[in-house]
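Peer 1: A single structure is presented below for examination.
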């Protein structure tokens, strides 16, 4: 069943798109910069399989930080909760996503949460498998199942560019290694992590992953539990407390939807029990979130009373 | 209608009370230290007026940090949201509640959120009125209405002790004054703030305030909107993202109930649409939350599936 | 014996004055702003009583942070070294002079050194006497003896202005009080401290104080030991390691003279065994040091090989 | 001419050795731990070639952080001062030697000084040469000339152990790479840096290097200027302001001798114009300095009035 274009969504997209002029496209690697800053598209996926959309929802984007919440789900399935949360904390932080200062001042020196880079690297480190390839394939298989799309792949050019420039993430890894949070080869972990971040999909796929989280891990088609309900809930909680970088608190107050954003301009949202959302809007605000994507979610949340709070 | 003793709650209280031995009662002022570390009591207040309880729910406790969420509600009614959030942020922080370091490093230098001391002082500063007395009476009247109890007062001994020892809060105030977040006389603000923190009530009152938040600001008896729904929701959001000090993230994941704790050992909880909770358990964990109170909420949340997530 | 105008110094002053255009006069209180940004004057005082100068050396300036090194000397005479250095550290810091962050992160929470504001407040707190008046008079008498000038007074307007705006110093005081570094009334300490900072003198006086430090505490006229040699040496060491705010390291490398600067644009220098220097140049660089004063000292140090290193 | 055993030094060594029981030998790599915690030896080297000593001065130790001041001298000869100090600052810091927090908070993000690890890595990066081998040989040749000893080598076991465990230094390097302070391959730089730190010599050699610095770069035998005087002075200034880790300020006040310590328990001192000092005492205090070495220097400085201040 194809996703239906919605006039109402189109109207909201049009309104939200006006703020793109205040944002900026990430261009720390060339591949991310090759987009139209004024793009904005959205797909909404319902538990019954219905789908509505606006904008060019076929355009592929790399997951970037959105992948953090999915790798966390996989790792929580791979290991028990105690194991995972001994190595990464549960607390939001007022520091930037790539900060190392807190790592230094906290005792023990574990990353504050899985949504900052240091925590996400510790999580990816815990993905089970005998090789980078095997671990990556396990993650990819999981993501394909969540999205209900077997063709999802990663973008080799983006992965390679990020691998080459990931100096800060390497610094975080060595810091984690020093504090015995990780023990694998850093280049290997960076290889796996940059591939994870480079996994590509379109808004439809994103919204379908969202609906699985909205359904506490259940597959909307088959009803199969793709991940245990309590893991889906843990992920949604992190999406609320730290899913939108340093603007998570404001997002919770103004919008109140569990959501995770990425520097590519994507946002994956999960309205509990109701539907999943996939958004692409590459112009970012100063916190690194899609500026028009946030505006669009604000309009949606107000018009349809979607806040959890 | 009196609150009914519940065997089921008694059983949970008994189980939760076993952890009090790992906690410690706050004793930075003598008045707080005069309690039995093993106390634990709870009242649950339903929208229909029913109430169930366990333990000595008549014992009075001072609100301390629980008052922060109530003064925020009042100030949001006194001023518009823009005014308030220009002076205090919306973001959770991984720093301790009394830290000044972030104030120094952030630009602009406004407190990260209204639940840390610096933010709460900025909020109390915004309570309207021509004198400390008038502002305090307005807050007290609001609290009495929330609790449905006209006899609520503040504890003069606690207020005086806290006033005398509030050096760190004075430091925060002068920092806020330097950065033009507040402009009133610091001694006056500390006077008002320590009275606010010293307001006393029992678990029943606390649970009744909780049910008002659970009902988005509506009075369970009269249906009157004590505060606008959107303000009640903002408060509940802060309770989720930063209501339990530096353990808010973990609390959201494990328990998932909007709640605010105080150093006196009180916790006020609001299960959206369902009921309000008042807990008193003075033994604190290392983050400053009632150790048995958290255990009790964990048992309740698991047994009755109360998590929002 | 009057101070002789020196053509050589005039030439250096002329050259150094060219950089005043890159500096800015402090104007956080009006009284400090009432100066000509392009002023630059210097007096050099020799042990044998000779004095050479350039510029308008009769102009009076308030000591501001220059007073920190003098109050330290007095307190080291009032108390034993152990007592003093239990309450204030000996280590330079890369943080700004008014930072509170380090106070928070250090254990124990004592100020890193007596040249940052927190440390200077702790030092002034230790001046002996039964009242603010008595303590201030003792400091003033000491300063008059160092300068060989009985007419030195403090500027009431500057003291009052600073008292009114000293919010950050009050914040530091309450922080110190919380950590039991000080125990007196904060308003009283701020009163004493702002008077100390407002003590006024001209470049001649400054250079005479410098020569006493250069002579390890000896009076150049009478030979009397105004302060013990080891205390004069401690003061000179702090002047080298932290006398020029966050530029102390660079100053030590480029110039190598023990010196202390103030936000009024004054610099007091002590070339060990050789002479004392008094400089006034109100245009400040971004670290808060007299921009032309530093340039002038750089020229002097290079031309006459004055570096200690 | 052999170094003469001195009864007076022996007495001081005996007195200083009593404090070794309060210290601890570094054992983060096994090779460092293989020493007697109670060892203490000293050699003093005079400009005229005389040498006095006490203790087993033939024992070899690795330079560790002592090498930082020598690589700085070489780099200042290789490049101009402006080039070097654009990449590494001149300011002491109250933070630990291996901290990354300041790197993050400073603008621009350059290391505060060449004596902390981040700064020393930036300095080693600037050693000229076409390969690690060539750069290392240039440094080794320079060190041999300073020590007047052609047999000096590096300890392969120590270099290898440090290379394997240098996670924190790798983290610092990637941070520096992110901020464009360095641009070479990190493993290559760590290879060079760990070899530099593993260069081995005895106290005699150390004291001979000290006398070269004491003589502003001149060879005591030949009079040849091994390094320009102004570079020797810059190095001595850094030794005073940040040569003894976080205890540099206290060391300057109590002892007042330019000195640089290493985690192996070595200290190299340079009393300007007078003599060089080499000390080995592997038991460290909590700041990482030789506990008995510092005691010994304190006794020497007091008995012979060696303080510069």
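From the backbone N, Cα and C atoms, a Cβ is placed for every residue, glycine too.
Okay, so TrEMBL annotates it like this:
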type    : residues                                       : note
BINDING : D:65, D:117, D:162, D:169, D:193, D:245, D:263 : substrate binding site
Peer 1: Counting only residues 6+ apart in the same chain, whose Cβ is under 8 Å from the Cβ of residue D:117 (substrate binding site)?
Peer 2: D:97, D:98, D:168, D:169, D:172
Peer 1: D:193, D:245: which of these binding-site residues has the highest Cβ count within 10 Å of its own Cβ?
Peer 2: D:193
Peer 1: Among all the protein chains here, how many other CB atoms are within 10 A of the CB of residue D:162 (substrate binding site)?
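Peer 2: Taking every protein chain into account, the count is 23.
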Peer 1: In sequence order, which same-chain residues at least six apart have a C-beta under 8 angstroms from residue D:65 (substrate binding site)?
Peer 2: D:97, D:115, D:120, D:197, D:245, D:260, D:261, D:262, D:263
Peer 1: Note down the number of other Cβ atoms within 10 Å of the Cβ of residue D:169 (substrate binding site), including every protein chain shown.
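Peer 2: If we count other Cβ atoms within 10 Å of residue D:169 (substrate binding site), we arrive at 24.
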Peer 1: Compute all pairwise C-alpha distances among D:65, D:117, D:162, D:169, D:193, D:245, D:263, the residues listed as binding substrate, and give the largest one in whole angstrom.
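Peer 2: Between the most distant Cα atoms of the substrate site, 20 Å.
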Peer 1: Applying a 10 Å Cβ distance cut-off over all chains shown, what neighbour count does residue D:263 (substrate binding site) have?
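Peer 2: Here the count is 22.
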Peer 1: Going by DSSP, is residue D:117 (substrate binding site) sitting in a helix, a strand, or coil?
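Peer 2: Helix, per DSSP.
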